[in-house]
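*Asks:* This structure is in structure tokens; I'll ask about it shortly.
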């Protein structure tokens, strides 16, 4: 009632700043002429309770504004000592922020003098902007502006040249920063927290807001844009919006035609109407042009095709349509979605060699969520996110917009992850989509490491992906170690098995060689025996065919032959001188020395008897009356 503050949050903040001292809080806020009295002793007295009786209130309201407007009788214990009220200012100039603390008795010129020393800019060249009560001059006392304790201002220097190339690094840093725009839809009193990179333009913000509020860009009426944001093509980094968070309000224009005077009456704060509106702009629908055609797109193109067919029988075909539709909406720079069933994605990610395994990222899309468009265009399609996902993840996607597809995924989720995860996804509200599930394969089951909702930033998304990769890398190193040890054991076992097999082969070959050798020996022995038997038979036959040995007292001429064997033995026999030489050969053969293998040699003269004609008589070959012969094996 005293201060006119209706915002409960602002009131609580003021009380906290004054340690919940109600009198000090009110003294620090209300103007001096409305309840603060200055006495000759330097003390101030707040008169009356914050709520006066109706009669007093009526009287006070009818009286002219003066120091007695809230004057009521109060006990003397409410007299408190006046403490100087300190005001905090955060002043932004290009890439710098300067903090200034002053008493409320100071002037705007005092702030400029402090900034002159800090920024090295002449005070006469400064335009200090951001005052809630409009423009002020250097002599304005801060107390008269009724400012809160914390204030944000910015400095404009239109008479100074633009920053040199030395500021390009800071500008690049601003372009890479993420700004959170808290946009309030005035008609429905709903807030949207939107994340944009510094390189996004004001026009892109307005088009995204069009997706959320269905207010065409040319019908949007904005409050809260800095006065430096004069062009929709400006990026957020150079537009002057507060980092990291800036509040804006958007509403629908009441009339298709709005003059500059009407715009100024509707906005008491620094505001901005899309530059697509002109002073004498007429509604495009009057000329048969709808909202979509304003941007060169027909209304049929704005009616988005479904990301995935309902009741799709083949998951691979559904994912092909999802990828094609995603590319048509958000461009070709997006994660590479795995084409195939969820089971096939598991096989690809988890069941290869430990060094080749990856995390599985499941993207759950929902067209009816207000966060989907911003999440896909600003975060999921960011080059850093796309690159990181392609290197470390297998990315699989599913559309949860249709109830049949939603039920199908929940069934798959229950089968692969369990009922707890399925219930967690089932309870997610539409505005919490899209979801990003990070899955890690383990020996016995698949573990859900993280469930990332759509209301995030690029940096936060990257940090959560990297945190999941740290967990996965630690597990992967253990798996690699176990796999190497297992392969080492298997290699040793294979080597042992191979050595055992080679040993068995060698033993078998040795045994077979011995068997072959024994068989050969047996065969040779058989041949030898057969040969010996044959020789013996021949010998016996020859021995039986020999004529009887003549007696010594025989009247016929008898030749006596003495034969020496290779072993040094001698055997003798008498033969008729008329007997043929063949008889001698048969006799020698009957003793085991066939003439085919041995030759019979004479001594004096030395001659080979076996070369003589066997049909000649002993007398003719001069082996009469006696002769010594010896046997020698043929070569």
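The backbone N, Cα and C atoms fix where each Cβ goes, and this holds for glycine too.
According to TrEMBL:
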- 476-496: region 'Disordered' (REGION)
- 486-496: compositional bias 'Basic and acidic residues' (COMPBIAS)
- 540-560: region 'Disordered' (REGION)
- 554-631: domain 'UBX' (DOMAIN)
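Buried or exposed, and what's around them? Tell me for each listed feature.
*Replies:* Helix, strand and coil residue tallies for the region 'Disordered' (476-496), in that order: 21 helix, 0 strand, 0 coil [DSSP].
Listed by sequence, the residues of this chain that lie at least six past the ends of the compositional bias 'Basic and acidic residues' (486-496) yet keep a Cβ under 8 A from its Cβ atoms amount to none.
Residues 572-579, 583, 586-587, 589-590, 618-619, 623-627 of the same chain, all 6+ positions outside the region 'Disordered' (540-560), place their C-beta atoms under 8 angstroms from a C-beta of that stretch.
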